[in-house]
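Heads up: the structure comes next, in structure tokens.
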């Protein structure tokens, strides 16, 4: 191995270590974000006089618990077939990648064979993006239909159930291809001589020699940027303008008459011609999915927070224009907090730690590199790591019909080949079985997941404990107001007692002033005049 290769291995190991630190940092930042929002929420509650709002709903919510439990089974039965559609589509995209890759390999055009992997990755990611955008709209309508079937008792219950169903369906729709690339691709392929085939003679797709991390990064990049650019921005601008254009075409007035009519209308009449306000749930859902993209797989796509920040800066202005120019003014309604959205954000921040731990441990080569360096390397370096990850296979063990079609492609007969896996060699007592190195690396991976998860969770809980939910100035002000309320209540009670006593003395004919001047003396024990001896 040359010095440049040794340097590259060392740099890659350092990058993987920095990746672990970055994921831990993002986990803590997510907790800081949640704590900041709780404090901001309490400040807004105090400023808008909503500190006691919503407490009267708790009894009603407890009364609904049995009703929710009774309908939980029906909800799951209706939602499961819809989620199965997403898995079927993901499997269809897998078949597309396998078939296109095979077709490009046998193509007679040199340009088609030169960039097979990049072509398949990019086109499959774009197809996934289109399917995700289409299914998002379908799943939104399905979630509303399922919620209507349940007939919730209150508007709040209807909204919470609708939000939860929509989140589950859209979350599975957006992240199923990503989860497949991160944790399943390349692990269900079998081995030489015993490959796993689908749809006849098509082998399951494998990862590149460097792993699936780069393809996962490409999928995340295209999905995140595509959803933000197309679904969140272009749709928000284009759909309202398209509806306005359709309303103009349906109108029987020409442009001049419409302009004269518009000048004669009052402000409230012009606002009524705008599109209806459908609520904030679509805006919240965009932020929730974006938060998941930023936190869940940040180990494979470290630029996700930067792209999210740039998108939000642009979307703030687009939303401002949409709410001011395209939609009717929303009707204000009191709300103590953001409701179920906060629970979803907090749940995602917890799940993100576990998911990133598995991505670092199982998707990248961070753990195998460490295990080799500290357990199997003779000199404590990465020299010989590639050879350590390769297993041997005797070409005579190919099953009939699965051997290479051109065995003399290299100019000589090949008797033994190498493939990336941790298996016993063909000359051992248990040929092609999983080796002890595989189990050692698996144990190290699981240990890393447990340690990393608990360390980051401990840091998150410490940050949560360190930062109070209520700002100190707001807490002191609420405490002062409670003291003033108690004093006011005591004064009112004292005034009521004095008024009642005055009425009592007035009815009995005695003067309260005389009663106050001659107070009743306390009774004392009688004095004994017995002579003392």
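Including glycine, each Cβ sits where the backbone N, Cα and C put it.
Under 8 Å from some Cβ of the transmembrane segment (20-37) lie the Cβ atoms of residues 294-295, 298-299, 302, 305, 342, 345-346, 349, 352-353, 356-357, 360, 366, 452, 455-456, 459-460, 463-464, 467, 469, all in the same chain and six or more residues away from its ends. Residues annotated as transmembrane segment in TrEMBL: 20-37 (among others).
Residues or ranges marked as domain 'Anoctamin transmembrane' by TrEMBL: 20-481.
Taken from TrEMBL, the feature transmembrane segment applies to 83-104 (among others). Residues 112-113, 116-117, 119-120, 123-124, 127-128, 131, 135, 168-169, 172-173, 176-177, 180, 198-199, 202-205 of the same chain sit 6 or more residues outside the transmembrane segment (83-104) yet have a Cβ under 8 Å from a Cβ within it.
With a threshold of 8 Å between CB atoms, the same-chain residues lying at least 6 positions outside the transmembrane segment (124-146) that come near it are 75, 78-79, 82, 85-86, 89-90, 93, 96-97, 100, 162, 165-166, 169-170, 173-174, 177, 218-219, 222-223, 226-227, 230-231. Marked as transmembrane segment by TrEMBL: 124-146 (among others).
Counting same-chain residues at least six beyond the ends of the transmembrane segment (167-184), those with a Cβ under 8 angstroms from any Cβ of the stretch are 79, 82-83, 86-87, 90, 93-94, 128, 132, 135-136, 139-140, 142-143, 212, 215-216, 219-220, 223, 227, 285, 288-289, 292-293, 296-297, 300, 344, 358-359, 362-363. Annotation source TrEMBL lists transmembrane segment at 167-184 (among others).
Taken from TrEMBL, the feature transmembrane segment covers 287-310 (among others).
According to TrEMBL, the feature compositional bias 'Basic and acidic residues' maps to 497-508.
Annotated region 'Disordered' per TrEMBL: 497-533, in sequence order.
According to TrEMBL, the feature compositional bias 'Polar residues' maps to 509-521.
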Residues in the compositional bias 'Basic and acidic residues' (497-508) grouped by DSSP into helix, strand and remaining coil: 12 helix, 0 strand, 0 coil
